[in-house]
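Undergrad: The structure's right below; bear with me while I get my questions together.
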Amino acid sequence: MYKTKGGFQLTLQTLSLVVGFMAWSIIAPLMPFIKQDVNVTEGQISIILAIPVILGSVLRVPFGYLTNIVGAKWVFFTSFIVLLFPIFFLGQAQTPGMLMASGFFLGVGGAIFSVGVTSVPKYFPKEKVGLANGIYGMGNIGTAVSSFLAPPIAGIIGWQTTVRSYLIIIALFALIMFIFGDTQERKIKVPLMAQMKTLSKNYKLYYLSYWYFITFGAFVAFGIFLPNYLVNHFGIDKVDAGIRSGVFIALATFLRPIGGILGDKFNAVKVLMIDFVIMIIGAVILGISDHIALFTVGCLTISICAGIGNGLIFKLVPSYFSNEAGSANGIVSMMGGLGGFFPPLVITYVANLTGSSHLAFIFLAVFGCIALFTMRHLYQKEYGSLKHS
């Protein structure tokens, strides 16, 4: 089963996540083109870029729960059908309001993340769950696909036509999921309120949510603000900015399975502590950098640590919450998504207030330091002293 049905469903769901994230992230790499045709202020741009994260985060909880009730096939299929509408209207957008409304419903593409992290572990033994979820998480590469491909294509055929071309891809995957999705997936029908009551009493859920708020939040936030930030702050060409942003996203995505593998082989909490120490260093580098070379080093450091951290955290979630996996996955992934909503707004606010965005990156380092204290607390409660482990 693990080599046949499980492998096939892992591949299918990973590719579906790629498509979902392509749609979810389509606005950010095209914003340098969009703002040439649509009259938007920098403040409106920061809101437009952040809006898809809202629904993409909040829906992760019900999507995770529904996956255990009806199976991944039907949640993916329905999501793709729904995504056709905001993609179509985004291609017609002529006002900031139309961009915001379309972007809000594009959040469905980000919400499907919790579908696979709930479904995929059912097909694999416990010692392979970290790797399997890490591979599924590579579907985040859809964000990089949009960052790499959308700007050069938009330069040739225009941003509206580029957006509308996504309709074909999404419709195709709706059909593929309808035909090949697993109708025999194991269902777990624990009442939602019973799950929530159990989860609310477990401090580990709060810790994992906070950690993922930082790691996945950094992944999403940097993917959102980098294209526009690089153009405005460093004067980089629009296509080059998209490529640089794509490198950040791709690196974090491809390292996610490495985090899962490390979590399978070593103590995941201990590895995560090391990961966060390095991430804090990267955030400090960003907080003091005015040169593109140093800024690049800081970004790549954050990318590496965010990718590995994402994989480590979703090794821990199913191991701590086997009976409430769907809801726990949804809550943790929701917090990760929300972690990507606030930073672009904070960066814009801090830049307007102080004339520089450096302080916003220092905030990331502070949040990371707080996370280290919570990791130490969990480790000592679960495994004993760090000195004797």
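Here the Cβ of each residue, glycine as well, is placed from N, Cα and C on the backbone.
In case it's useful when we look at the structure, here is the feature table from Swiss-Prot:
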- 14-34: transmembrane segment (TRANSMEM)
- 45-65: transmembrane segment (TRANSMEM)
- 69-89: transmembrane segment (TRANSMEM)
- 97-117: transmembrane segment (TRANSMEM)
- 139-159: transmembrane segment (TRANSMEM)
- 161-181: transmembrane segment (TRANSMEM)
- 211-231: transmembrane segment (TRANSMEM)
- 246-266: transmembrane segment (TRANSMEM)
- 268-288: transmembrane segment (TRANSMEM)
- 294-314: transmembrane segment (TRANSMEM)
- 331-351: transmembrane segment (TRANSMEM)
- 353-373: transmembrane segment (TRANSMEM)
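Describe the structural context of these features.
TA: When Cβ-Cβ distances below 8 Å are used as the criterion, the transmembrane segment (14-34) is approached by residues 40, 45, 48-49, 52, 56, 76, 79-80, 83, 86-87, 90, 93, 99, 103, 106-110, 112-113, 116, 135-143, 145-147, 150-151, 154-155, 158-159, 162-163, 166, 169-170, 173, 177, 223-225, 227-228, 231, 238, 241-242, 245-246 of the same chain, each at least six residues removed from its ends.
Taking Cβ pairs closer than 8 Å, the transmembrane segment (45-65) reaches residues 24-25, 27-28, 31, 35, 75, 79, 96, 99-100, 103-115, 117-118, 192, 195, 220, 224-225, 228, 325-331, 333-338, 340-342, 344-345, 347-348 in its own chain, all 6 or more past its ends.
Panel annotation: around the transmembrane segment (69-89), residues 9, 13, 16, 19-20, 23, 26, 63, 98, 101-106, 108-109, 111-112, 115-116, 118-119, 163-164, 166-167, 170-171, 173-174, 177-178, 181-183, 185, 187, 189 of the same chain, lying at least six beyond its termini, place a Cβ under 8 Å from a Cβ of the stretch.
Here the transmembrane segment (97-117) has Cβ contacts under 8 Å with residues 13-14, 16-17, 19-27, 34, 38, 40, 47-49, 51-61, 63-64, 67, 72, 75-76, 79, 82-83, 85-87, 89-90, 133, 136-137, 139-140, 220, 314, 317-318, 326, 329-330, 333-334, 337 of the same chain, all six or more residues outside its ends.
Long-range contacts of the transmembrane segment (139-159) within its own chain (CB-CB distance under 8 A, at least 6 residues past either end) are made by residues 13-26, 28-30, 32-34, 37, 113, 116, 165, 219-220, 223, 227, 238-239, 241-243, 245-247, 249-250, 252-254, 256, 310.
Long-range contacts of the transmembrane segment (161-181) within the same chain, counting only residues at least 6 positions beyond its ends with a Cβ under 8 Å from a Cβ of the stretch, are 8, 12, 15-16, 19, 22-23, 26, 30, 71-74, 76-77, 80-81, 83-84, 87-88, 90-91, 150, 153-154.
Same-chain residues lying 6 or more positions outside the transmembrane segment (211-231) and placing a CB less than 8 Å from one of its CB atoms are 25, 28-29, 31-32, 45-46, 49-50, 53, 110, 140, 143-144, 147, 151, 237-238, 240-242, 244-245, 248-249, 252, 272, 276, 279, 299, 302-303, 305-307, 309-310, 313, 332-333, 335-344, 347, 357, 364, 367-368, 371, 374-375.
Sequence-distant contacts of the transmembrane segment (246-266) (same chain, six or more residues past either end, CB-CB distance under 8 Å): 29, 127-135, 137-138, 140-141, 143-145, 147-148, 219, 222-223, 226, 275, 299-300, 302-304, 306-316.
For the transmembrane segment (294-314), the list of distant contacts is 117, 130, 133-134, 137, 140, 208, 211-212, 214-216, 218-219, 222, 226, 234, 244, 247-249, 251-263, 268, 271-272, 275-276, 278-279, 281-283, 285-286, 288, 329, 332, 336, 361, 364: same-chain residues at least six beyond its ends, Cβ to Cβ under 8 Å.
Tertiary proximity for the transmembrane segment (353-373) is limited to same-chain residues at least six positions away from its ends with a CB under 8 Å from its CB atoms, namely 210-211, 214, 218, 229, 233, 273, 276-277, 279-280, 283-284, 286-289, 298, 302, 343, 346-347.
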Undergrad: Can you work out which residues elsewhere in the same chain, 6+ from the ends of the transmembrane segment (268-288), have a Cβ less than 8 Å from its Cβ atoms?
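TA: Residues packing against the transmembrane segment (268-288) from afar: 130, 211, 214-215, 218, 259, 262, 294-295, 297-302, 304-306, 308-309, 312-313, 315-316, 358-359, 361-362, 364-365, 368-369, 371-372, 375-376, 378-379, 382-383, 386, 389.
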